[in-house]
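In what follows, a single structure is set out as structure tokens and then discussed.
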Amino acid sequence: MENGMTLAYYGLGAGILAILFALYLFSSVLKEDMGNEKMREISQAIFEGAMAYLNRQYKTLIPFALVVFVLLVVGFGYKEGDFGYGLKVGVSFLVGAIASALAGYAGMTSTTKANARTTQAARKSLNAALNVAFRAGGVMGMSVAGLGLLGVSALYIIFKDVHVIDSFAFGASAIAFFARVGGGIYTKAADVGADLVGKVEAGIPEDDPRNPAVIADNVGDNVGDTAGMGADLFESYGATTMAAMLLGLTFAKNHGFSEVLGATFPLLLGAAGIVAAIISTFFVRTSEDGNPQMALNIGLWSTNFITAIFTYIIAQYVFGSEWAPKIFIAVVSGLVVNVAIGSLTEYYTSNLKPPAQKIAEASTTGPATNIISGIAVGMRSTYLPIIVIVAAIMVGYWAAGFYGIALAAMGMLATAAMVVAVDSFGPVADNAGGIAEMAELGPEIRNKTDKLDAVGNTTAAVAKGFAIGSAALTALALFSAYTDLAKTNPNLQKYLVNGKFDLNITDPWVLVGLFLGGTVAFLVAALTMESVGKAAFDMIEEVRRQFREIPGLMEGKARPDYARCVSISTAAAIRQMIAPGLLAVGAPLAIGFILGFKALTGYLAGVTATGVLLAIYMANAGGAWDNAKKYIEAGNLGGKGSDTHKAAVVGDTVGDPFKDTSGPAMNPLMKVAGTFALIIVPLLLF
């Protein structure tokens with residue numbers, strides 16, 4: 001028992017190591033030159049806008065978190081007859097929520113402090129700019145993995161009870177849903193407003209300082225792709241670790257191991273992934289004429305490879321020679337999903353591949369055919385990723401039952417530090433290009449930042465695929481843990497047959513839950529899509545007003561009111577994220593307590609299956625529309641300004657909320673359902 005608990009300290013140590021490495025990376029970024037006064041001014045405006053949004057978002061969520069904390073303390077205190085137990089559950093929830101918020105702050109601060117420094121570094125060399133942007137992204141990556149592993153390990157060491165700390169994952173999930181949805185609404189409202197009025201109506205280039213929405217657009221890159229994606233993967237990391245620890249107890253008990261060993265092995269996997277990511281960070285570099293994409297790919301591949309080696313060594317140590325190969329195979333199946341989904345996402349969204357090029361060709365006959373082609377590409381893109389995910393589920397289950405499925409998810413998420421680093425590289429590079437344009441640094445610098453931005457677009461698409469795949473496996477791991485934990489509820493014993501739940505697909509209650517789960521996924525997608533439309537309308541009206549009422553703005557003689565546009569996006573995002581958030585949390589609560597365990601189980605299956613398909617479809621359709629436009633802008637099919645290009649801009653505008661708001665909202669929706677069900681299943685009455 002003591003030896004097993006000692007292993008948890010390795011997780012604690014690795015979490016601390018990740019945070020220390022994040023601080024080292026951040027300090028190295030701050031040592032870089034920020035450039036001239038104009039660059040500093042623009043960077044500061046982006047930083048202030050990003051912080052204003054984050055502060056307002058988290059202040060809005062404080063009352064929600066406190067209410068949930070009180071309900072958890074009272075609910076579990078009453079059920080167990082021990083309010084000390086309820087307090088532990090409530091504290092675990094708050095730790096998860098606070099850790100998620102801290103990761104968001106760390107990443108947002110790093111990326112917004114690095115943008116001008118990346119632009120200035122591009123004056124020296126492409127490699128210098130790559131290093132600054134990647135180190136800034138690394139701060140977010142290490143913060144996500146480090147705070148996640150540190151939080152779970154510390155709570156387990158202190159409370160010594162996995163069931164008590166389930167709520168850590170729910171705390172992370174609750175914050176992640178609002179961060180993902182709010183961030184997606186913010187970034188797309190600003191993006192659509194900047195593009196439609198600036199590029200289409202006014203005919204000015206992207207990132208032109210005359211565009212009133214240009215600062216809000218650059219803030220949005222960080223809000224959506226840094227804070228939003230980071231919160232999403234922090235949620236997956238925490239939830240998967242918790243589910244794997246819970247299932248590890250049962251696996252160890254059934255196979256003659258110490259229960260603590262089964263629970264602490266996922267912490268060791270997380271530690272292995274962090275060490276692998278730190279080592280791989282030093283492999284990311286390129287030459288002046290080199291390929292930045294290859295440099296980042298080497299970082300990802302080496303992280304996967306080193307994690308796999310560490311996994312076998314740890315599995316051999318913890319489980320011995322009989323089980324080590326199967327445990328290793330389960331974990332590696334997750335690593336394979338990581339690589340496979342990334343490659344598939346790149347294929348369906350890259351402007352160098354047939355799907356996006358076919359959408360571009362369809363644009364020659366107008367916006368309608370562009371939209372039809374994009375929808376078809378998105379739908380077609382679902383089947384191969386699903387086959388990959390299903391294969392990992394089967395391999396994981398064959399290897400170690402439900403514990404194997406959770407370990408497959410852990411294998412995928414063990415590399416989260418590097419994946420988040422590579423994803424957060426994108427907004428830094430995008431902002432760096434915007435600053436180069438607004439500070440009028442000339443085409444040579446802009447060409448370098450554009451090269452990094454193009455890589456950032458690809459890594460963002462790959463990271464979206466990773467987020468979807470990890471969310472799917474996380475949801476399944478949570479589902480497995482939920483059914484395992486349900487066996488401990490005396491009120492649900494009547495559904496057990498030979499130690500397993502008898503839940504037939506033809507049972508009306510299960511079917512009701514299935515349909516409700518699928519419906520909620522579509523409803524959240526609709527609400528978030530409408531939210532972008534409403535927020536974008538406000539932004540478009542404001543940008544038009546400024547062009548109309550500010551004398552000399554179009555001629556570049558007057559300065560736009562950037563702060564007004566930032567304020568509009570912030571207010572709209574905070575206001576519009578509340579309804580989808582309440583639905584995501586309220587649906588499983590209502591179904592569980594009104595319709596019962598069978599319906600809640602069906603709901604989890606329905607929201608997961610529908611959510612995964614919607615997420616893949618929307619993310620890939622949006623990415624393909626975006627890159628079809630870029631393919632035309634590269635000089636193909638008439639190039640910029642042609643009717644074909646205008647049709648592609650319409651498709652890209654439709655695709656924006658697909659890939660950056662509604663699609664990504666499915667990830668936390670699935671996980672919120674799973675983590676909340678895990679919390680309430682001991683309290684269900686029937």
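Glycine too: its Cβ is placed from the backbone N, Cα and C atoms.
What Swiss-Prot records for N218, D221, D430 is Mg(2+) 2 binding site, and it gives similarity to another entry as the kind of evidence. Other C-beta atoms found within 10 angstroms of the C-beta of D221 (Mg(2+) 2 binding site) number 27, with every protein chain shown included. In the three-state DSSP scheme, D221 (Mg(2+) 2 binding site) is classed as helix.
According to DSSP, R180 (site 'Important for ion transport') sits within a helical segment. Contacts of R180 (site 'Important for ion transport') defined by a Cβ separation under 8 A and a same-chain sequence distance of 6+ are given as G228, M229, A231, D232, P664, A665, N667, P668, in order along the sequence. Marked as site 'Important for ion transport' by Swiss-Prot on the basis of similarity to another entry: R180 (among others).
The feature site 'Important for ion transport' is assigned by Swiss-Prot to D225 (among others), with similarity to another entry given as support. When other Cβ atoms within 10 Å of the Cβ of D225 (site 'Important for ion transport') are tallied across all protein chains shown, the result is 31.
The feature site 'Important for ion transport' is assigned by Swiss-Prot to D232 (among others).
The Cβ neighbour count for A460 (site 'Important for potassium dependence'), using a 10 Å radius and every protein chain shown, is 28. A460 (site 'Important for potassium dependence') falls within a helix when secondary structure is assigned with DSSP. Feature annotation from Swiss-Prot assigns site 'Important for potassium dependence' to A460.
If you look up Swiss-Prot, you'll see D660 (among others) marked as site 'Important for ion transport'. A helical conformation is recorded for D660 (site 'Important for ion transport') in the three-state DSSP classification. Counting every protein chain shown, 32 other Cβ atoms lie within 10 Å of the Cβ of D660 (site 'Important for ion transport').
According to its DSSP assignment, K671 (site 'Important for ion transport') is helical. The Cβ of K671 (site 'Important for ion transport') lies under 8 Å from the Cβ of A169, S173, A176, E235, S236, A239, A471, T474, A475, L478, each of which sits 6+ residues away along the same chain. Marked as site 'Important for ion transport' by Swiss-Prot: K671 (among others).
What Swiss-Prot records for 6-26 (among others) is transmembrane segment.
Long-range contacts of the transmembrane segment (58-78) within its own chain (CB-CB distance under 8 A, at least 6 residues past either end) are made by residues 84-87, 89-90, 93-94, 97, 101, 167, 170-171, 174-175, 178, 574, 578, 679, 682-683. What Swiss-Prot records for 58-78 (among others) is transmembrane segment.
Feature annotation from Swiss-Prot assigns transmembrane segment to 139-159 (among others).
With a cut-off of 8 Å between Cβ atoms, the residues of this chain six or more beyond the transmembrane segment (165-185) that come close are 57, 60-61, 64-65, 68, 72, 88-90, 92-101, 104, 148, 151-152, 155-156, 159, 220, 223-224, 227-229, 231-232, 234-235, 237-239, 241-243, 246, 478, 485, 528, 531-532, 535, 572-574, 576-577, 580-581, 584-585, 657, 660-662, 664-665, 667-669, 671-672, 675-676, 678-679. Residues or ranges marked as transmembrane segment in Swiss-Prot (evidence: sequence analysis): 165-185 (among others).
If one looks beyond the transmembrane segment (231-251) by at least 6 residues along the same chain, the residues whose Cβ comes under 8 Å of a Cβ in the stretch are 96, 99-100, 103-104, 144-145, 147-149, 151-152, 156, 162-163, 165-166, 168-169, 172-173, 175-177, 179-180, 183, 257, 259, 261-267, 269-270, 400-403, 406-407, 409-410, 413, 416, 419-420, 466-467, 470-471, 473-474, 477-478, 480-481, 484-485, 664, 667-668, 671, 674-675, 678. The transmembrane segment annotation in Swiss-Prot covers 231-251 (among others) and is backed by sequence analysis.
Tertiary proximity for the transmembrane segment (264-284) is limited to same-chain residues at least six positions away from its ends with a CB under 8 Å from its CB atoms, namely 4-5, 7-8, 10-11, 13-15, 17-18, 21, 25, 130-131, 134, 138, 141-142, 145-146, 148-149, 152-153, 156, 237, 240-241, 244-245, 248, 295-296, 298-300, 302-303, 306-307, 310-311, 314-315, 318-319, 327, 331, 406-407, 410-411, 413-418, 421. Look at Swiss-Prot and you will find 264-284 (among others) tagged as transmembrane segment.
Per Swiss-Prot, the feature transmembrane segment maps to 294-314 (among others); the stated evidence is sequence analysis. Non-local neighbours of the transmembrane segment (294-314) in the same chain are 130, 134, 265, 268-269, 272-273, 275-277, 279-281, 283-286, 324, 327-328, 331-332, 335, 338-339, 342, 411, 414-415, 417-419, 421-422, 425, 455, 459; each lies 6+ residues outside the stretch with a CB under 8 Å from one of its CB atoms.
The feature transmembrane segment is assigned by Swiss-Prot to 386-406 (among others). Listed as Cβ neighbours of the transmembrane segment (386-406) (distance under 8 Å, sequence separation of 6 or more from its ends, same chain) are residues 240, 243-244, 247-248, 250-251, 262, 266, 323, 326-327, 329-330, 333-334, 336-337, 340-341, 344, 469, 472-473, 476-477, 480-481, 484, 612-613, 616.
The transmembrane segment feature in Swiss-Prot is assigned to 408-428 (among others).
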Counting Cβ pairs under 8 Å to the transmembrane segment (459-479), which of 139-159, 408-428, 509-529, 666-686 comes out on top?
408-428
To the nearest Å, how far is the Cα of D660 (site 'Important for ion transport') from the Cα of D225 (site 'Important for ion transport')?
8
What residues elsewhere in the chain lie close to the transmembrane segment (408-428), defined as a C-beta under 8 angstroms and at least 6 residues from its ends?
18, 107, 110-111, 114-115, 118, 132-134, 136-142, 144-146, 148, 221-222, 224-226, 229-230, 233, 236-237, 240-241, 243-244, 266, 269-270, 272-274, 276-278, 280-281, 296, 299-300, 303-304, 307, 311, 330-335, 337-338, 392-393, 395-396, 452-453, 455-457, 459-460, 462-463, 466, 469-470, 473-474, 476-477
For D430 (Mg(2+) 2 binding site), what is the tally of other C-beta atoms lying within 10 angstroms of its C-beta?
28
Cβ-Cβ distance under 8 Å to N218 (Mg(2+) 2 binding site), same chain, at least six residues away:
I46, N115, D207, D430, N431, G434
So, in DSSP terms, is D232 (site 'Important for ion transport') helix, strand, or coil?
helix
